[in-house]
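Listed in Swiss-Prot:
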- 70-258: domain 'RNase H type-2' (DOMAIN)
- Asp76, Glu77, Asp168: divalent metal cation binding site (BINDING)
Amino acid sequence: MATIKEIKELLVTVKELESPIFLELEKDNRSGVQKEISKRKRAIQAELDENLRLESMLSYEKELYKQGLTLIAGIDEVGRGPLAGPVVAAAVILPKNCKIKGLNDSKKIPKKKHLEIFQAVQDQALSIGIGIIDNQVIDQVNIYEATKLAMQEAISQLSPQPEHLLIDAMKLDLPISQTSIIKGDANSLSIAAASIVAKVTRDELMKEYDQQFPGYDFATNAGYGTAKHLEGLTKLGATPIHRTSFEPVKSLVLGKKES
């Protein structure tokens, strides 16, 4: 009779819920064996569910594949809302039918998984471009226009150049066919890939700024208006990376000028 350890090793090789190996092992009354069977079945079901989720997130890409297009770039940005730091956009071209386990809208990915999935995108992408527009430009042109500039910069770095753009809720004035998708980072794998690249890139930048400008908790809040950030603003004033067109930074800077 096989040991439970041997059965566990055998079950790792089973990839289908209908496998005859399960039927055979289910005759074994040992509780340890039944426990391993249940565990393996749950793992297989989780893999099937994940594959279905990823498949559903390729629906926009698959429509474009039917038209003979394969160089499809997903575009997304991070950092529209913060009081400090740049807006960062990423453009990512994934290989045809590429599925990266765990890839999703970056807001839905556990923080501890960010770097792992970012690395998987880096490893598998055909091309990646990153656009970074700083707070000074944001203050000059407004955040919406700055976001478009960041996206255009990211796209310009792609090689090969894309045949079609899938963009998260935005239209760009570029001579490339494009589709604007509401909640694109949750509905397109290409956009989700851009989302995690932009997110990790910006988070790392804000960690560096935290070293330069201590007291605002940038490493944790990424420039968003948390209690610690606002406390730092009140005590220390605005830094060179703060967006002076955003409240409450604007009022704080104006108040200091008037006094």
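Placement of Cβ uses the backbone N, Cα and C atoms for every residue, glycine included.
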Chain-mates of Asp76, Glu77, Asp168 with C-beta within 8 Å of site centroid, divalent metal cation: Ile75, Val78, Ala89, Ala90, Thr147, Met151, Ile167, Ala169, Met170, Gly184, Asp185, Ile191, Ala194, Ser195, Ala198
Residue, out of the binding-site residues Asp76, Glu77, Asp168, whose Cβ gathers the largest set of other Cβ atoms within 10 Å: Asp76
